[in-house]
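> I'd like to ask you about the structure that follows.
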Amino acid sequence: MASPSCLWLLAVALLPWTCAARALHHLDPPAPLPLVIWHGMGDSCCNPLSMGAIKKMVEKKIPGIYVLSLEIGKTLMEDVENSFFLNVNSQVTTVCQTLAKDPKLQQGYNAMGFSQGGQFLRAVAQRCPSPPMINLISVGGQHQGVFGLPRCPGESSHICDFIRKTLNAGAYSKVVQERLVQAEYWHDPIKEDVYRNHSIFLADINQERGINESYKKNLMALKKFVMVKFLNDSIVDPVDSEWFGFYRSGQAKETIPLQETSLYTQDRLGLKEMDNAGQLVFLATEGDHLQLSEEWFYAHIIPFLG
């Protein structure tokens, strides 16, 4: 039989292990990865009927999550106006600075962009790898641009009337490129050379003028790149752009999928390699532009955020 002194020594020896086991048992589960949201044209960060509702839906399903809905400007009205008239490259630079300063994002974050916010957040992923973006979810984003005039119902309709006239007059003029957001992802398939040489945003992030290896490396670092396409979209033209497809070069009638584009076959962004590795996710839903049901959102989007 062991002596009392031996038992005492054994208890002392086991004490650290017992304390460690108790500490591990009481550790809180890891916090969910933060989420950064970028709204679309004519919207704002905190509209209770759009981004505000999305934020609440995410918080409902993922308790404790930190959600940053980006506000581009000092007021909600300025945020809306900037979605039409503030140079996209300037917006991306500002967002990169905001994310870099946010202590809650430094270990990584997921990103979800709505409509034009989808391609804007892709620019963030390509240009600003720190803090790291883990998953990018593009909801109706136009990654090959648009070649159709925007339709804006309601209060923004007069702005879109102005945009139509301006794009028709000269989408690739320097003054229009610098001051009109929608011109910066205007992609004319009939004038590919003009687009390639004068688009100050989309042609750059799609590697149309040359290969920036850091863009490719940074995009390929994503765990998942999710693209949501709206099958009855009446705003985005062509709708295939939501899955990185576009018009076949030289005309504006026949569209081709991503896999048939030169961007993919030449693998200028690493999309072919990502596709083969299962990093690209293509989702489709019925409905018009950005018309999502809660049930569909919970079933198909939340799994990439939890």
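Just so it is clear, glycine is given a Cβ too, placed from its N, Cα and C backbone atoms.
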> Based on what Swiss-Prot records, which one of Cys96, Cys152 is disulphide-bonded to Cys128?
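Swiss-Prot says the disulfide from Cys128 goes to Cys96.
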> Going by Swiss-Prot, tell me which one of Cys19, Cys46 is disulfide-bonded to Cys45.
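According to the record, the bonded cysteine is Cys46.
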> Can you tell me whether DSSP puts Cys96 (disulfide bond) in helix, strand or coil?
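Once the DSSP labels are grouped into three classes, Cys96 (disulfide bond) ends up as helix.
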> Tell me, how many other CB atoms lie within 10 A of the CB of Ser115 (active site), whichever protein chain they belong to?
27
> Give me the long-range Cβ neighbours of Asp233 (active site): same chain, 6+ apart, Cβ under 8 Å, in sequence order.
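Correct list: Gly140, Val239, Glu242, Asp288, His289.
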> Quick one: Cα separation, Cys128 (disulfide bond) versus Asn212 (N-linked glycosylation site), in Å?
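Distance between the two Cα atoms comes out at 13 Å.
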> These are the glycosylation sites: Asn197, Asn212, Asn232. Which one scores highest on other Cβ atoms within 10 Å?
Asn212
> Spatially, which candidate from the recorded positions Cys96, Ser115, Asn197 is nearest to Cys46 (disulfide bond), comparing Cα atoms?
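It is Ser115, whose Cα lies nearest.
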> Can you tell me the three-state DSSP label for Cys160 (disulfide bond)?
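Where Cys160 (disulfide bond) sits, the three-state DSSP reduction gives helix.
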